[in-house]
Amino acid sequence: MISRDSIVALSSGRLPAGVAVIRISGPQTRFVVETISGGMVKDRVAVLRRLRAPDGTVLDHGLVVFFPGPASFTGEDVAEFHVHGGRAVVARMLETIAGFDGVRHAEPGEFTRRAFLNSKVNLVETEALADLVNAETEAQRRFAIQNAEGAQSELYFGWRRRLIHARAMIEAEIDFADEDDVPGSVSATVWFDVQAMIGEIDRHIAGFRAAEIIRDGFEVVILGAPNAGKSSLFNTLARRDAAIVTDEPGTTRDLLEVTLDLEGLRVRLTDTAGLRDAPGKIEAIGIEKARAKADRADLLLLLQDLADPRDVGPLPAAIPALRVGTKLDLLDGQAAANAAAHYDLVISVAEGVGVGALLAEIGQRAARAAGSAGDILPSRLRHIELLGETNRHLLRATSDQGVGQELRAEELRLAADRLGRLVGAVDVEDLLDVIFSQFCIGK
Ligand SMILES: Nc1nc2c(c(=O)[nH]1)N(C=O)[C@@H](CNc1ccc(C(=O)N[C@@H](CCC(=O)O)C(=O)O)cc1)CN2
Ligand SMILES: Nc1nc2c(ncn2[C@@H]2O[C@H](COP(=O)(O)OP(=O)(O)OP(=O)(O)O)[C@@H](O)[C@H]2O)c(=O)[nH]1
Ligand SMILES: [Mg+2]
């Protein structure tokens, strides 16, 4: 076992709570349990005990669970005290346990760090555990649990195994080049597989945007001329009066943002200043911000007042857009029918027409951009960087341009090494602080 100190922390959330879980891991765990619970408890069974400080003071009545190492979450002896979730109860419990010799308060992510150091989880699973704890939407939860269970790391381990095999074959061919029983076509098959893997890795890297959408949300920006009804739509979708609405053109100046949960996906909706030429100083800054935000959007909603359509000039052409006609209620039946043909959707916020259809359309586009449930996607910039390096080595390995088999085999080794760093199978000491700094205390 690598760690000598035992660590303790509150592993459950905000206080006060009905119940709070205090967790301890390390070699002092048995002694702490014996002392506080007045004797050992059966392994892996929750037992109700009176909990006392070493001086005999009763702290609480709570459940005690003991998990002997190495078959525990961290791989060390672990115990949990499930106590009443009052601030004073928890404070006194933590203070008492941290007062034992060899026991101290845990740092953020330290339980999971020990699980990693004891090979209970690999690095990619560790990151997924952090994502699982932070998941707020159903899509985030689904994505994180899939990777916490190993889907993403299995993909990387699989590629790494194929490269190790490829390198073994190429080196065998180098060593036995002049013997007859090593068929020359072996290397052709190997290079063919490596070539295929480059494509697989490139496609996987391309999935990063989908992972970002799952994590950070699908960016939708509302644009249009002043008074087009942007803020009115924004408030309706947000289901609250987040933006000021008046009949005065130029009401909105700053960017306003709300987060929606559309069928389990996070969607970030931004209201912007109406676009028009040379308005006042404040409005001009707002318009500049609106254009900058639009450049980074996943979807634009281009609103136009059906009763007073105005042109707003060129918009980012590369970004998908929905043309939305607003204030449908102001048109008579015939004019309304004619107008509908020129837009993707027509709406009346005043009468609640078309808003449901617009929301459904946004939801569908967000879902498409986030990929299908079960897609294995890279979830961190770290993954993209190492996968990019992997492929650069593989491209060098597969280019014949006067490079000997030895050097090509070496490129295969370097590529496999990059994948090893990804999952933490090769030395990653320098990475650990970065990764575990993303955790909260008690995890
Ligand atoms: N009360 C409580 N609930 C919890 C946790 C916890 O630590 N305590 N977890 C904490 O994250 C999660 C469950 N994850 C866990 C993962 C592994 C082990 C564990 O003891 N693993 C051993 C034995 C496996 C087995 O019996 O099948 C091992 O891997 O060797 C426990 C919890 C969520 N719920
Ligand atoms: N009849 C009708 N009026 C609407 C509708 N939507 C908005 N309006 C009115 O149009 C005016 C402008 O609405 P806003 O939502 O503030 O428009 P905006 O596009 O945010 O305007 P700026 O912030 O100035 O760019 C207000 O008087 C709204 O009440 C609608 O569906 N029907
Ligand atoms: Mg507005």
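Here the Cβ of each residue, glycine as well, is placed from N, Cα and C on the backbone.
Annotated features, as they stand in TrEMBL:
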| type | residues | note |
| --- | --- | --- |
| BINDING | ARG23, GLU80, LYS120, LYS443 | (6S)-5-formyl-5,6,7,8-tetrahydrofolate binding site |
| DOMAIN | 217-367 | domain 'TrmE-type G' |
| BINDING | 227-232, 246-252, 271-274 | GTP binding site |
| BINDING | SER231, THR252 | Mg(2+) binding site |
Length of the line joining the Cα atoms of SER231 (Mg(2+) binding site) and THR252 (GTP binding site), in Å: 8
The one of ASN227, SER231, THR246, THR252 whose CB sees the fewest other CB atoms within 10 Å, among these binding-site residues: THR246
For LYS120 ((6S)-5-formyl-5,6,7,8-tetrahydrofolate binding site): intrachain residues, at least 6 apart, with Cβ closer than 8 Å: PHE73, THR74, GLY75
Cβ packing number for ALA273 (GTP binding site), 10 Å threshold: 27
PRO249 (GTP binding site) versus GLU80 ((6S)-5-formyl-5,6,7,8-tetrahydrofolate binding site) - Cα distance in angstrom: 61
Fewest-neighbour residue among binding-site residues, criterion Cβ within 10 Å, set ARG23, LYS230, LYS443: LYS443
Euclidean distance between Cα atoms of LYS443 ((6S)-5-formyl-5,6,7,8-tetrahydrofolate binding site) and THR252 (GTP binding site), Å: 43
Proximal but sequence-remote residues of the same chain as PRO249 (GTP binding site) (Cβ under 8 Å, at least 6 apart): ALA225, PRO226, ASN227, GLY274, ARG276
Where the C-beta lies under 6 angstroms from ligand 3, the matching binding-site residues among LYS120, ASN227, SER231, THR246, PRO249, LYS443: SER231
In sequence order, those binding-site residues of GLU80, LYS230, SER231, PRO249, THR252, LYS443 whose CB lies under 6 Å from ligand 2: LYS230, SER231, PRO249, THR252
Alpha-carbon distance [LYS443 ((6S)-5-formyl-5,6,7,8-tetrahydrofolate binding site); LYS230 (GTP binding site)] in Å: 43
